[in-house]
Every structure is written in C-alpha cells, then in structure tokens.
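K.L.:
I am attaching a structure below and will ask some questions about it afterwards.
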C-alpha cells in the first residue's frame, strides 16, 4: 500500500481541524469582534474592509488556539465525558504534538495579524489566550469561580472589535466588555445545568452553588437582569460615541425581557430542558443585541 493511501482523507483532516478549534464557537466569537469593529469605525472604505477581514482571520486564529490548548490540557478528562470523548485527541485521531503545533501556529499567526491592526488589539488577544488557557481551564476542576474568571476572556471579543477600529480603550469599549461579561453567567450556567452529569464525570465545577437548585437558578435570573441593564447603558448618553436611540433601547429591553422569561422558567421548573432552552435563547440574545446596535448606528 502506498504512503498516500495511508494518509487520512482531506475531509477528515479538515473536520478534525474544525473540531480542535471549535469552529462554531470560534465563528460566533469572531462575529462579536466584527460587531464591535463596525460600531467603532467612522465610515466604510477599502481600509476598514481590509481591517475587518484581518480581524476576522486573526480573531479566528486566537479563539481556535485557545480551544486547541484547552483540549490538550483536558485530554484525559475529555475521555470521561460523553460529549467530548470523540474529540480528535481523546479519540486518537490527532496526537497531542499535532494539536500543540496547530495551536502554536494559530497563536503566532493570530497575534501577528492583530498586531498589524494595532498593538492594543494584539495585547488584548494575548491576554484572552492566557486567561482562558492558563487560568480558566485549570480552575474548572477546582472551583465554580472558574466561570467568573472565564467571563473575562469571554467578554474581550466584543470590546476587541472597538479597540481594533479606534486603537483606544475607553468608555465605549468598556461598555461592550461589560455587556458580554454579564452575558457569560446565564449562558454558561445554563450549559452547566443541562450538562451537569457529564461535567460531573470530568470533575468540573460549573454551577455557583454546585447544584441544580434554586440558588443557581436565582443567580441566573439576577445576572440576566444585570445583562439587560448593561445592554441599555448606551441609551443614556454617558458612553461616548456608543449611543442607542430610544427605539433601539426599547428593542433591547424587550430582548432582555424575552431572555428573562426563560431564566424565570428555569427558576420555576429547574429542568434540563428549561436550561437548554435558556442557553439557546442566550445565544440568540447576544447576536440580536449586536445586530440592533449595528443597525441603530448605520440607520439613525
């Protein structure tokens, strides 16, 4: 048999690359960065479109690298959980050395591209990788406070786009960071709820009380309220160039109430089904909020 015939098919390699970088998650994170960038630019021209493309590629590299490092660190724990045991490393389809090489190349490529945009963007990208890989990931098996720590790198992308557009970290970027920071809690606690048994096999502490109880559900409700409050801050005129018109502010409030309804349903029902529904609603919420912000800017 020839050496060529013993190589894995291209499609299989591509699928493993998508899985080691968590392509779906990476694309959603890149969308947040692009949304922040569109909010930060003054006008569309060839230069802004070029930077937009650089941000998309550099952002994917950074998120993909973080996810690859995460799977390297958790390779033994991933074999214990149903949802992760078929990932490239625990299944044996990819070696740790290959995964590390991919992660390293993505890190170098991503940081280089982001630095070409401006040094601040590269700095925040590097901070994100460090916090996610070296702090959040190890803490997941130690304390439920890992979600709090993970919320910091998780909140960077929306803000990163603004920094890429303006080369500045001010009240606007801080507001975008705050929105995505509060969003992390109901989103990841909902995931921690309906995947509780699987996480338990891996020894992960994801829920604030350690249980699927009213205490956890109440905190989800409270953070959903904080999220809604943070999301309408730009409507009060104290967030610099980041501003929401009254109509958009009403839409944002309605979206917040929509998510709050499902958070309250989880509090009342305390079921995995309610938690999974809330998780899906939270994903829709953050994307819709970003779309509303963008449309408000360009259509006002």
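Note: Cβ is positioned from N, Cα and C throughout, glycine not excepted.
The annotation transmembrane segment is assigned in Swiss-Prot to 24-44, 46-66, 99-119, 122-142, 145-165, 176-196, 220-240, 244-264, 275-295.
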K.L.:
Flag the pair the transmembrane segment (46-66) / the transmembrane segment (244-264) as in contact if three or more Cβ pairs fall under 8 Å (sequence separation 6 or more).
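P.N.:
They do not touch: fewer than three Cβ pairs between the two stretches lie under 8 Å.
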K.L.:
Report, as numbers and ranges, every residue of the chain located at least six residues beyond the transmembrane segment (244-264) whose Cβ falls under 8 Å of a Cβ in that stretch; write 'none' if there are none.
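P.N.:
For the transmembrane segment (244-264), the list is 186, 217, 220-221, 224-225, 227-228, 231-232, 234-235, 274, 277-278, 281-282, 285, 288-289, 292-293, 295-296, 300.
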K.L.:
Six or more residues beyond either end and a Cβ under 8 Å away: which residues meet both conditions relative to the transmembrane segment (122-142)?
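P.N.:
For the transmembrane segment (122-142), the list is 58-59, 62, 65-66, 69-70, 73-74, 77, 107, 110-111, 114-115, 149-150, 152-154, 156-157, 159-160, 163, 202-206.
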